[in-house]
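S.K.: Quick paste from Swiss-Prot:
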{"type": "DOMAIN", "residues": "217-269", "note": "domain 'HAMP'"}
{"type": "DOMAIN", "residues": "277-471", "note": "domain 'Histidine kinase'"}
{"type": "MOD_RES", "residues": "His280", "note": "phosphohistidine"}
{"type": "TOPO_DOM", "residues": "1-8", "note": "topological domain 'Cytoplasmic'"}
{"type": "TOPO_DOM", "residues": "30-197", "note": "topological domain 'Periplasmic'"}
{"type": "TOPO_DOM", "residues": "219-473", "note": "topological domain 'Cytoplasmic'"}
{"type": "TRANSMEM", "residues": "9-29", "note": "transmembrane segment"}
{"type": "TRANSMEM", "residues": "198-218", "note": "transmembrane segment"}
Amino acid sequence: MPRSLLGRMLLLTLLAVLVAQGLSSLFWLSHLRSSQREGLLTSSRSLAYSMAASVSYFRSLPLGYRPLVLDQLRSMGGTRFFVSLNDRPLEMRALPDTPNKQAVLEIVQDVLHQRLGKEVELQVEFVSPDELRLFNGALKLDELPRSWAHYALTLEPVNPPVLVTQIRIGESEWLYIASLMPAPYVSLEPEGLQPQQVLSIVFTSLLLLLFTGLLMHWQSRPLKRLARAARDLALGSPSAALEERGASELVEVARAFNTMHERIDRYLNERGQLFSAISHDLRTPITRLRLRVELLEDERLQEKFGRDLDELELLVKGALQCVKDTDIHENVESVDLNLLLQHIAEPYLADGRVEVVGRAAEPYPGKPLALKRCIGNLLDNALKYGERARLSLEDGPEAVVLHVDDDGPGVPEQRLEQIFEPRFRLSPRGQGYGLGLGIARNIAHTHGGEVSLQNRREGGLRVSLRLPRLGLE
């Protein structure tokens, strides 16, 4: 199944066209064969009446006149029938039985018996021109003069079957009548699709697919613009409002997206203003409190209040840093991940605390500073708990994956997701407020990626950063 909307619509259209053309062709072919069979049976009845009239005429002639009449007919070029007198019925290989053949033979026999009498002895069969025998079986059709039989029994370039009727009209005297079926029913084979009709069906289907493809391409352009705008919004890149035009459904989607975009921008601006105000409002009373603490005479109490104020200030700075790190206003650029990793790991390469393996085949389209902060947070976390870290870069057609492995104690399985929560610490005595991994995951999300955790079998923790390549350009 194609992945694109255009490919799927073309495939569904092709299937629909094939089914429709197949059903219509079957219906048309069934109707055509029914009409052909009806016309064939009517022509057979008319031909049988003509045969019966010819037999009656020859039966009425005196015995001596019959050969003379046949000679005169041949000298005049013959009639629609080839007629001869034989002393016995000729044996010829008949054509295989088919429904049309059996129906024609039954009608011819019924008409002849009806006209000539039930007691008349006759044989009716269809024979191929190559198997046809004439004049007591001594001659083939090709051995006769063309004026004698070819007019009545051949139809070039078609090689239609010959209806041979042999009727006993006297002692050792059989009247031999051979004829083609009347046009256009010279063949007993059921009518099929002609090459011109097949070409017409193929041409119509291709034309319909072409127009459907053009229509879907035209209609899918607003969807592509919407997808591009959604990616820009996810990456924080500035983008203009979508044009609200096209089909009513597309206009409604574009309008809803523009409204959502405006609300998100307004929310981010209000959040920035709010945290700026909080930063200003909190630092002033904290500074005031520090001054008052210094005026205390009790040193023990002064130290206690100082620790609380340090913790409060660290909390405020951490919260502001979290907002700052996850709200990076950068344009998307081509980032050389190999160079970026070397730059981040350079301070630790000399003492062997960090090892970098693997390379990216192509630059990655993303935000340079945000990616640097994301990978830096992952590396700092690994060195903090494991002292050593290994950065493994894997590049593929769909995504770039960076594994950060450490030699630390690992994380309990039930707490793997809790690590990303702000202010979560595995050890109550640990320093900081657990914002690094959460910030890294948020930056990964803005690039359409993900950060996942997994305990290594040999010990330590593996943090995997997956950044998709598709759809980010």
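In case you wondered, yes, glycine gets a Cβ from its N, Cα and C as well.
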S.K.: Grab the pLDDT values for the topological domain 'Periplasmic' (30-197) and give me their mean, rounded.
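M.R.: PLDDT averaged over the stretch: 80.
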S.K.: Count the residues of the topological domain 'Cytoplasmic' (1-8) that DSSP assigns to helix (H, G, I), to strand (E, B) and to coil, and report the three numbers in that order.
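M.R.: So the topological domain 'Cytoplasmic' (1-8) is made up of 4 helix, 0 strand, 4 coil.
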S.K.: How many of the residues that make up the domain 'HAMP' (217-269) does DSSP mark as helix, as strand and as coil?
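M.R.: Output for the domain 'HAMP' (217-269) reads 41 helix, 0 strand, 12 coil.
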S.K.: What residues elsewhere in the chain lie close to the topological domain 'Cytoplasmic' (1-8), defined as a C-beta under 8 angstroms and at least 6 residues from its ends?
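M.R.: Sequence-remote neighbours of the topological domain 'Cytoplasmic' (1-8) are 213, 216-217, 220, 223.
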